[in-house]
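Encoded as structure tokens, the structure appears first; notes follow it.
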Amino acid sequence: MGMSNRSVSTSIFFLALVVLHGIQDTEERHLKTTSLEIEGIYKKTEAEHPSIVVTYTRRGVLQKEVIAHPTDFRPTNPGNSPGVGHSNGRH
């Protein structure tokens, strides 16, 4: 009787593990593309428009990324943070 209970418990555990693993895969966060993925796109040997020449350097992508969003992590003044779900302090 004890061995049967153990095998049922083990089976239920592995079944739950498989089901929960599927849920975890659907709840993941999409991250930004890395410069290595972008580098692969630009290094294609075929060009859509052969008259246009595109040069790509990894340093250029990193510099654009820094300059593109300079105010992303700007602190707010004390007392002026709207909080979650509020666009202003008049609620």
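Backbone N, Cα and C atoms are what each Cβ position is placed from, and that goes for glycine too.
Of the residues Pro70, Pro75, Swiss-Prot records the annotation hydroxyproline for Pro75. Note on Pro50, Pro82: Swiss-Prot annotates hydroxyproline at Pro82; no matching annotation appears for the rest, which is not proof of its absence.
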